[in-house]
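What follows is a set of notes on a single structure, which appears directly below.
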Amino acid sequence: MRDLVAGVARFQRDVFPAKANLFAHLATNHTPHTLFIGCSDARVVPELITGSEPGDLFVIRTAGNLVPAYNPGVDGVTASIEYAVSALGVSDIVVCGHSACGAMTALAERRDLTGTPAIADWLRHADASSARTPATGDVSALVRQNVLVQLANLATHPSVARALACKTVTLHGWAFDIATGRVEDLGAMDADSTLAA
Ligand SMILES: [Zn+2]
């Protein structure tokens, strides 16, 4: 915690003054161009890997960068997607997987998750990802396939489906490699709902 307090002091002393004009603008404006859906993994920092400024990205981070397919009911992920697309009008949505993902590793290695039932339940949203990946324990293949499955799940949300039909949004799949910093473009999905690399 001491690191965080020192970090806040450093932010207020060094970072904020240099961006004072930006924050003054952002105080009354929220117009991110992109919804970035990434993993909660501490090593995958959306703003850092995309060189983004505050205000640029609307971010949802979930374990395994999973996006449950649309299902009516109370759900923070769905509400955040709807807000980004319908209220904020983002023009692009990125689903970003990453190397050494704990969620994808657990699935690829078929780990026993009975002791962590909430994780086991959540990872069911990647069932289609596992089904479409050869059962060889290849984590990086599963990471990529999972991004494509989550893009398809994303498109089941009414707000996203509407924006795709109106050609106001494009969906993108990415994979980030922690060791090299490389970002692989896995393709984009547009109004025709076809994934083109
Ligand atoms: Zn992860």
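Quick reminder: no glycine exception, Cβ is built from N, Cα and C everywhere.
What TrEMBL says about a protein is an automatic prediction, not a curated fact.
These come from TrEMBL:
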BINDING   Cys39, Asp41, His98, Cys101  Zn(2+) binding site
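Shown in sequence order, Gly38, Ser40, Arg43, Val44, Gly64, Asn65, Gly97, Ser99, Ala100, Gly102, Ala103, Met104, Val143, Phe176 are the same-chain residues outside Cys39, Asp41, His98, Cys101 whose Cβ sits within 8 Å of the Cβ centre of the Zn(2+) site. Taking each of the binding-site residues His98, Cys101 in turn and counting other Cβ atoms within 10 Å of its Cβ gives the largest count for Cys101.
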